[in-house]
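Features reported for this protein in TrEMBL:
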ACT_SITE  358  active site, nucleophile
ACT_SITE  361  active site
BINDING   152, 154, 165, 216, 219, 251  FAD binding site
DISULFID  56-61  disulfide bond
DISULFID  358-361  disulfide bond
């Protein structure tokens, strides 16, 4: 993949060099620190759009949090649930057993971590937040250690997975007038299975092109991690994970995708640029002394903030940022209306993530969606960020821990 990206003055080679040698090693270190490795998520929210029919909607595929009255998090000690009798045949049961094993979320947390969360929550409660996230107050919300739950192949596939992405593209995404994606792999069609059609951007304004590319980039990112960390073999109970070139080729090679694969990967680079831009724009928020990456460990907190500020310096040094000022720059009334439509579309997509039938896929889908949502919130709050008071919280712009953790980890992906 080479050349200049559409809608921005940036080439792929420059992004590769910048990311490989400057950003990625530091982001990787940051993700390993306590503040960024624990993410609070509600994996039990019901799908708001259709009845659960996931490939692995069988009980053991879901995390059952263990009640802990003294901490604001549900911890799963283990599950004694049996498989549902709804399995149609032994092959489906076998598939789901594997998907359950691969897709289950490891909810193990140390007692020290549990105690720290109480302190973190108390600190968060004392801050002045811009918005309240629904999940954080829910009794079903639980902290998950992201390092124990890496994003990788889980066995989640088939009509349930297809339905989620189809809903995102067809119902909630501004898209080119004639864009076809792989069709339902289980449904017959005139054009044959997985038929794809060319894009046509005719009549689609910049904002809608950006929205579509972001969702396509997110889709490419998730598929890429599936290919890069695939279950290659499992012998004597010891799974071996690694890159699956055949799977990568099937999803991205021009010959296999009727020319669409490289476009999908270019949209991944575009997503990277948007989130990189957000990091550079939000730097003043974190540069203030009043903002701590609070875990209760003063030494580690100071090191985490120093590393984050170092990353911000790198993001600012990048010379080919996406220029978000070109968005919503028309007449005020039309721009405001389009911006609100943009926001509602994205909010709806985040709700669709509650329809993902595999817990680990749902975890990373929700996290990356929230990370992108936080990036967009930052890009559309430039004036509020510029006018932040140095030594006190601001009502104009505020990020919760969840938003900060999601932003950094989504960019890390």
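Heads up, the Cβ atoms here are built off N, Cα and C, so glycines get one too.
Note that TrEMBL annotation is computational and uncurated.
Taking the Cα atom of each, residue 358 (active site, nucleophile) and residue 154 (FAD binding site) are about 8 angstrom apart.
Residues 152, 154, 165, 216, 219, 251 are listed as the FAD binders, and the farthest two of them sit 21 Å apart at their Cα atoms. Counting every protein chain shown, the number of other Cβ atoms lying within 10 Å of the Cβ of residue 216 (FAD binding site) is 24.
Residue 361 (active site) and residue 216 (FAD binding site) are 17 Å apart (CA-CA, integer value). Counting in whole angstrom, residue 154 (FAD binding site) lies 8 from residue 361 (active site) by their C-alpha atoms. Around the Cβ of residue 251 (FAD binding site), the same chain contributes 223, 227, 257, 261, 264, each under 8 angstroms and 6 or more positions distant in sequence. Residue 154 (FAD binding site) counts 23 other C-beta atoms within 10 Å of its own C-beta, drawing on all protein chains shown. Counting every protein chain shown, the number of other Cβ atoms lying within 10 Å of the Cβ of residue 361 (active site) is 25. Rounded to a whole number, the C-alpha distance linking residue 219 (FAD binding site) with residue 361 (active site) is 12 angstrom. Annotated pair residue 165 (FAD binding site) and residue 361 (active site), C-alpha to C-alpha distance, rounded: 13 Å.
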